[in-house]
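Okay, structure first, notes after.
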Amino acid sequence: MMLEIYLVMTVAASAVSQETEEHVSYTCTEGYEYDPIKEVCKDIDECALVSDTCKGGMKCINHYGGYLCLPQNAQIFITNGDESSQRTDPIPQPPLNPLNPTNPQTPQTRTQSNHRGVVAGASQCLPGFTLDEQNYCQDVDECSQGLHTCNADQICYNTRGSYTCQCHPGYQKHGEQCVDVNECDLTQPCQHQCFNLLGSYICQCDQGYELAPNSVSCVDIDECAFSSYMCQYVCINSPGGYSCICPEGYQLQRTRMCQDINECDTGHECREDEMCWNYYGGHRCYPKNPCQEPYVLTSENRCSCQSAGACRGLPQSIIYKYMSIHSERTVPADIFQIQATNIFPSAHYSFRIKAGNDGGEFFLRRFSSVGAMLVLTKSLEGPQELIVDLEMITQHTAMTYRSSSFLRLTIIVGPYPF
């Protein structure tokens, strides 16, 4: 049954005729405004003046002094007080009018509207509405009053004159039940990996990435910024990972360590009369015969004096040795051992640093009657080369014989601490 409303169009009691004298101040009742040209109070069309006068799909019907909010399917009869009337065609919409459609106002009844779009004077309201103390039809909140039929897994939302049952976020209706939505298949929200959960989902990133603050995008992890020990030399960050590089003279061992390249084995530029000596980070070429007069080469790296007269006051022999150490080596450190090779029962041996220790970098510690240990006492920065002369003095107490020999140690300090 459609709702039929009869509107009686009457002129406002305060409307003035055109014969009213000029220069008179006029005041119109609510719902009218004064027309200075026609000098009358004219009706205000609230429906045209306010775009959202009526809510909930109701249509606005203007009448003298006010307006009505009625359902779209209401049949409107406009009359000037006589029996002739004009009927407007209804627009089919779900009924939202709070008035009882079985109790329409008669043409002889003058209607009065309020600003909420609810007609007063109704004895009953439509389902979903209830009369208040002012005899107005007010919406019933079925959700808060427990008057709904939503399932336990649904959310009740109040609407004007009714309510609706909706599923929780992450669920969708399947018949009368709410079932989980697989967001991973539906929208693919994650940048990398998506794992569906009941009512939600979680994103995970590939190795080398971490979740951004939005919990959806993935950003690269700068592993090199974590620690200076990620690589032994230099760490290079890359999308999703990192790589280590080594300096010249080294090659990468496994993933992060640097191993010295032995150029003497892999290729060098030393001449035939030179020997190649590899050190940490490089190599050098030294003469195969380092002997100078009056010394002659008697064995590898050993120079001996063959003339007692020519070698008076000089060491009996000079042995050339080479060694490599890392830069910034922890001190104190035992780095080289010197020991007598020919031991005589009645001989006494003593050791000292003859040259090459002007900065006090070394100390000679005796550990036996025929041997001593060269100790590094100061950390050395590479690359640099140091030459230290270690002297061994042999004394024969019974024969009153004294001789000395040198061990000329060339120490090459590499450019890096590895």
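Residue numbering: from 1, along the chain as shown.
Positions of Cβ are set from backbone N, Cα and C atoms, glycine also.
Those TrEMBL annotations? Automatic predictions, nothing curated.
Taken straight from TrEMBL:
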COMPBIAS  99-109  compositional bias 'Low complexity'
DISULFID  Cys184-Cys194  disulfide bond
DOMAIN    139-179  domain 'EGF-like'
DOMAIN    180-219  domain 'EGF-like'
DOMAIN    220-259  domain 'EGF-like'
REGION    82-112  region 'Disordered'
SIGNAL    1-17  signal peptide
What are the helix, strand and coil residue counts for the domain 'EGF-like' (139-179) according to DSSP?
0 helix, 20 strand, 21 coil
If we skip the immediate neighbours and take only residues 6+ beyond the ends of the domain 'EGF-like' (220-259), which ones have a Cβ under 8 Å from one of its Cβ atoms?
206-210, 280-282, 415-416, 418
Residue counts in helix (H, G, I), strand (E, B) and coil for the domain 'EGF-like' (220-259), per DSSP?
4 helix, 18 strand, 18 coil
